[in-house]
Amino acid sequence: MKEYWTSLASLLGVLAFCQSLLQVIFPPELRFACLKVSNRVFNLFSSYCYFDITEIDGVNTNELYNAVQLYLSSSVSTNGSRLSLTRALNSSAITFGLSNNDCIIDTFNGVSVVWEHVVTQRQAQTFSWRPLPEEKRGFTLRIRKRDKSLILDSYLDYVMEKANEIRRKNQDRLLYTNSRGGSLDSRGHPWESVPFKHPSTFDTLAMDPVKKREIMEDLKDFANGQSFYQKTGRAWKRGYLLYGPPGTGKSSMIAAMANYLSYDIYDLELTEVHNNSELRKLLMKTSSKSIIVIEDIDCSINLTNRKKNNNNNTSPRNYYDPEMRCGSVPGPGEDGGNSITLSGLLNFTDGLWSCCGSERIFVFTTNHIEKLDSALLRCGRMDMHIFMSYCSYPALMILMKNYLGYDESDLDADVLKQLAEVVDKAEMTPADISEVLIKNRRCNPKAVSELLEALKTRANRNLLQNGILREKNSEDIMEDEEQEKRALESPPNEGSEFEEPCKKQEEEDEEKMK
């Protein structure tokens, strides 16, 4: 046993001597150079190339690392065997990810790439203003050299785009409103936000299905039209005007649009904006993929139709008159100091400043479209005018499905016939019909009968009002005709001022003849 330990000690001594001899003959600089040359020889004959994407680039977070992590989450959820689960802030979805030092194969345009999630321990840090994580994380992308141009030119952009879509889908949408009096929040932003939880969708929206499908296709074309707008030289924005009686679902339409496109909503309160400059600053602080809403724009500030003003005032007007260029808007001292002009609002929707972002939708709502200036309604500002009408028969069937779970096949044919005959004559809004169904939702047959009775009552009232109005109009017309007839039939008064000069002229002519 003693001999064994003696021989082992001798062997260790020989190894230590050989190691010290190698360090003398081959110093660290020489070994590093040999390793570098061997790597170059290996890379020269290798058909693959490698790209490292670290989590932290210097002191800043690498956005590409986060994008790759999100992008791979859509593939590893089905292909991976060992996964990590995360849930981001303001997110309602759980995200899958690659575990430490795990690999996954992805395919793009017929080209296969290999992603490896590399996690190593970071060396002990000295004093630092910003301590780094203990683990050093990153992704290594392995591709064939012949596919290098395709991957660098297209694949990484594709990864970033898909990651943004996943982030927008997982993240809760926000509803913004401008701060009162133009004040800023703690971060210096003029917008305050809350989570947007409105459940309205195009499936539950009470509207004619044909018109609804047309709007959905237009929204989808806009969201997917980046290349089209770039090719045609147009700003990537679109305007929608929702008009119609109160209670016809204009706010629900805006919520359905936001949920359909996964866009945030900026609800702009014009009465809290002091001037055009502040309006531009609010626009600059909005994000892309958002809907900017001004509800009841005819009531927010004085933007009446200039044509009506011109008809009431027949005096000549100069184009450079501020009232002609800006609409009849109160001065800085009126209306609480609000001095937004029509010109400023037009530039907000269609001027140069409206192009400071991309993929934005402007939505204006009004109950009285005739009150708005025609310059605000033209294409390029409000591209699509959507009339939110009274409840029609197809919209009524959608409400029956939403509140009672009834399809047309669940209702009696006679009831369907009566509903179809009376719904257009009743001119009831979806909000009114919804209230009738909500009050009686515990008993579906009672809800249907109450709704039918309410529709008939409203239809009879409208018919009576229309009859009285027609009778009044006909009486006015007959009275005007009688007055005109009496004026034409009445003989001229004797001894009028026109007869005396004629008699005098006749007498003078007779004397001359004599």
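Each position is counted from 1, following the chain as shown.
Cβ coordinates come from backbone N, Cα and C, glycine included.
What TrEMBL says about a protein is an automatic prediction, not a curated fact.
What TrEMBL records for 500-514 is compositional bias 'Basic and acidic residues'.
Feature annotation from TrEMBL assigns domain 'AAA-type ATPase N-terminal' to 26-118.
The domain 'ATPase AAA-type core' annotation in TrEMBL covers 240-307 (among others).
Here TrEMBL flags 336-389 (among others) as domain 'ATPase AAA-type core'. Per-residue confidence over the domain 'ATPase AAA-type core' (336-389) averages out at a pLDDT of 84.
Per TrEMBL, the feature domain 'AAA+ ATPase At3g28540-like C-terminal' maps to 391-460.
Positions annotated as region 'Disordered' by TrEMBL: 472-514.
Taken from TrEMBL, the feature signal peptide applies to 1-16.
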DSSP residue counts for the domain 'AAA+ ATPase At3g28540-like C-terminal' (391-460), split into helix, strand and coil: 56 helix, 0 strand, 14 coil
Structural state census, the domain 'ATPase AAA-type core' (336-389) (DSSP three-state): 22 helix, 11 strand, 21 coil
The domain 'ATPase AAA-type core' (240-307): DSSP-derived helix, strand, coil residue counts: 30 helix, 13 strand, 25 coil
